[in-house]
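Beneath this line is the structure, given in structure tokens, with notes to follow.
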């Protein structure tokens, strides 16, 4: 069977396959529908109209497509990215089952674009007696295609014009047909032709430019009465016809055809340029992110100031200026380091005020000084050497989820610092989404609030957050992990500082005198449940985490965080730690252990459930932009957890990042772009 797919890769139901292994032609059935779309400089031309027609074709066969528009779009871009081909036609082939078109192939096909000489001189066409069974549906008919190809080859013609049983010309075999007479355009009725995307565009351009269009049956017997003829299609613009069989036309000199050709080409170029601008905005997303991560903003749990480090305040001032530059004139930072700004509503309709929040600090678990991000182009699934001198390797053996991103571009560390995607990716994604709305005022939206907080990583992100000043009805933190994460359950959280006082005596005379605080610390930790630590827990399982220890014989301090989703189990963990301290003090005979413990935040689920629509809308937004939601409990916390208890319900949405707080942190660029799309889609959905 002929192989139709060209280049190296195709996409089948969202996955990339080699064209040498998969042949879509073998799957074609009578119920198959398809679209052919022209790609210009990486932009699918009139993509929205093509997808709309694809859905109409499915409907005419009493079926539906099993995927969303955004999923189809993601398949197309995955195809382009995989093949690195930016100027060619692609085919979307949909294979039907009993109820749905659930097999979706997307692949490049051989394409021919008429040379300039064809537009200058016109093309030769022939008549061919046949008609489509369902004219408005683009149904694959291989037999007809082959018969027409033989006819064209024999007659040395560019296109065959189809003639129905009544003797009327309806359309071209792969084009739509227009006649010109007395400065009017005539075209066959819409009910009798495949409603081409380019045809629809031509009709719209005629209307906008006051060129009269008449839909009527056009008999073979009357074609000689017309002044000119042209065809349009996916691979062709406004292409003059010089002959239909033996009837000649001076189409290439016709003023209406020449004028319409210029108008159409300008519209096509404007469409591509507009889409390129939108892509450029996504390009600014990465530029922003790379700029932000190079600004060191580590928080410090030992500091008593707000924010805990001056570097966060410096970063906040940078963000305020950037927010003002994109049009949020009220952007400001307060003395505690909280950045807030407003995108005003552009409608009088009653739409909820939505907030989007991210944090500015990075974790003190690893240095963020001199972050040197590396962009890995077209990741091939192999080990990534982050730092050859120190033999630091990011490997799918250790991090198997890397395999999900084969063919994508990744941003990694150089192995000596963390990256800072947690949560500078969230900041970049929010600002990029807001800038898009500012630059596209035709998108109706309510008031949108933005906030960037300090000190989230040390549990203080909501300490000084002014919910009333922020003024949102609800909000989303953009602080999650891999693409698709949507979270509204989190740990209940506390920290504990265990201070142990020892007594140091010369080891040679220490019997019955020395109290070694280090040994007591070791015993203290050993009395906590050994299986309730991060390395042995997952899902809803809580833990004790000893994340720092320092000391000597005289004094040792242990620093713990305590976590559990279940409030009762959380309280029991805290009691257990206190009982260990009490036991050891009694055993030693004096109070050498003091515990300072403080709750940090609680599980937001209790506060989200009454307004669960905010989770449902986020889930819907993800699906509509081609992202599969991953709803699971956060094994951590966000500012949103505490804010939910302060009266601002606030679930958490993905940034796209992985392996936060360490040298193996990375983020796929495509995932960041999807986060931007989700933010915009949430705003749009609440504006409907």
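Using the three backbone atoms N, Cα and C, a Cβ is placed for every residue, glycine included.
Less than 8 angstroms from the CB of residue 361 (active site) sit 297, 298, 299, 307, 308, 309, 312, 454, 455, 456, 457, 458, 461, each of them six or more residues away in the same chain. The active site feature in TrEMBL is assigned to 361.
When other Cβ atoms within 10 Å of the Cβ of residue 456 (active site, proton acceptor) are tallied across all protein chains shown, the result is 27. For 456, the entry in TrEMBL reads active site, proton acceptor.
Sequence-distant neighbours of residue 359 (Zn(2+) 1 binding site): residues of the same chain at least 6 apart with a C-beta under 8 Å from its C-beta are 423, 426, 452, 453, 454, 455, 456, 457, 461, 477, 479, 639. The secondary structure of residue 359 (Zn(2+) 1 binding site), as reduced to three states from DSSP, is extended strand. The annotation Zn(2+) 1 binding site is assigned in TrEMBL to 359, 422, 479.
Around residue 661 (Zn(2+) 2 binding site), a 10 Å sphere centred on its CB holds 17 further CB atoms from the protein chains shown. The Zn(2+) 2 binding site feature in TrEMBL is assigned to 422, 457, 661.
The domain 'Peptidase M20 dimerisation' annotation in TrEMBL covers 488-583.
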Worksheet entry | List of residues, in chain order, with Cβ under 8 A from that of residue 422 (Zn(2+) 1 binding site) and at least 6 apart | 362, 363, 457, 479, 655, 657, 660, 661, 665
Worksheet item: Which one, from the binding-site residues 457, 479, has the smallest tally of other C-beta atoms lying within 10 Å of its C-beta?
Response: 457
Response to the item:
Three-class DSSP assignment, residue 661 (Zn(2+) 2 binding site), comes back as coil
Worksheet item: In this predicted model, what is the average pLDDT of the domain 'Peptidase M20 dimerisation' (488-583)?
Response: 96
Worksheet, complete the sentence: Excluding 359, 422, 479 themselves, the Zn(2+) 1 site's Cβ centre has within 8 Å the residues 358, 423, 426, 456, 457, 477, 478, 638, 639, 655
